[in-house]
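Visitor: I'd like to ask some things about the structure below.
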Amino acid sequence: MRKYVIMGVQGSGKGTQSELLCDDLGLVHISVGDIFRWHVKKHTKLGAHVRRTMNAGELVGDDLVESVVRERLDQHDWNYGFVIDGFPRNGRQAEFFMESYDIDGVIHLELPEDEVRRRVLSRRLCPNCGMDYNLIADRPKEPGRCDICGHQLITREDDTPEALEARLSDYNEKTRPVLELFRRKEYVHDIDARPPAEEVQASIRDALHLPAYKATV
Ligand code: AMP
């Protein structure tokens, strides 16, 4: 059983790296942001509640986040373990998490802020199949259309300059101290997130003493 937390500023590649890590190791990727985005897309009551907060790039209340995380982990569909992404994001969430679960390692993706701005503002998403694109590094074949399903690509509503600044300042004020808390327990592996995704994945696996990545398809 392997239980990892992945941390890093927006645009540092947490989603991509989590997927690669889970793919051949049978781990479950739990993204709190994806759970909320699913609720917004499906127009659930929870989605209506968090939509405005998310679009402004602000953090959803701790009680709600904790209940979503607890409910997700209580499904116990993670026989081989999980990678949790986007949680914990502040001291209180970290305490809640450490009280309930033991963690095998924290992966910290490091990316300078000017690179974060460059990446996030060029990010595009397919609202139909969920495929991510980047207009700098990972363009769709036909501009504005998803390579997989052909749907028109959109910008995430919280990928505006204003929301990005709000998220960056929350990250610096609230999330960085969590890293220090984990660091005192020697859980943290600092990984340079600037190289191409496969190289970053190789560094993560090296740090965690895991076998090299083997694609499952
Ligand atoms: P992400 O995709 O991780 O950037 O999350 C998107 C948005 O979901 C964030 O900007 C927050 O509004 C909300 N969110 C995700 N995870 C958390 C969390 N741990 N605590 C509070 N809000 C969160």
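Glycine too: its Cβ is placed from the backbone N, Cα and C atoms.
Curation plays no part in TrEMBL annotations; they are all automatic predictions.
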Visitor: Have a look at 1-30, 31-60, 181-210 and point to the one annotated region 'NMP' in TrEMBL.
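Guide: The listed stretch tagged region 'NMP' in TrEMBL is 31-60.
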Visitor: According to TrEMBL, R37, E58, L59, V60, G86, F87, P88, R89, Q93, R156 bind AMP; so which of R145, R167 is the extra one listed there?
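Guide: So, going by the record in TrEMBL, that would be R167.
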Visitor: The ATP site in TrEMBL includes G11, S12, G13, K14, G15, T16, P195. Which of R92, R123 is also listed there?
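Guide: The record-listed residue among the candidates is R123.
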Visitor: Please go through the binding-site residues G11, T16, R37, L59, G86, R123 one by one and keep those whose C-beta falls under 6 A from any atom of ligand 1; give the result in sequence order.
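Guide: Near ligand 1, sequence order: L59, G86.
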Visitor: Taking a Cβ cut-off under 8 Å, which residues six or more beyond the ends of the domain 'Adenylate kinase active site lid' (123-158) line up next to it in the same chain?
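Guide: Hits for the domain 'Adenylate kinase active site lid' (123-158): 11, 15-16, 41, 54-57, 164, 167, 196.
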Visitor: Within a 10 Å radius of its Cβ, which of these binding-site residues (T16, Q93) has the fewest neighbouring Cβ atoms?
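Guide: With the binding-site residues T16, Q93, fewest surrounding Cβ atoms within 10 Å: T16.
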Visitor: Are there residues of the same chain, six or more positions away from L59 (AMP binding site), whose CB falls under 8 angstroms from its CB, and which are they?
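Guide: In sequence order, the residues whose Cβ lies under 8 Å from that of L59 (AMP binding site) (at least 6 apart) are T53, V65, R89, N90, D170, K174.
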Visitor: Quick one: Cα separation, T16 (ATP binding site) versus G86 (AMP binding site), in Å?
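Guide: For T16 (ATP binding site) versus G86 (AMP binding site), the Cα atoms are 13 Å apart.
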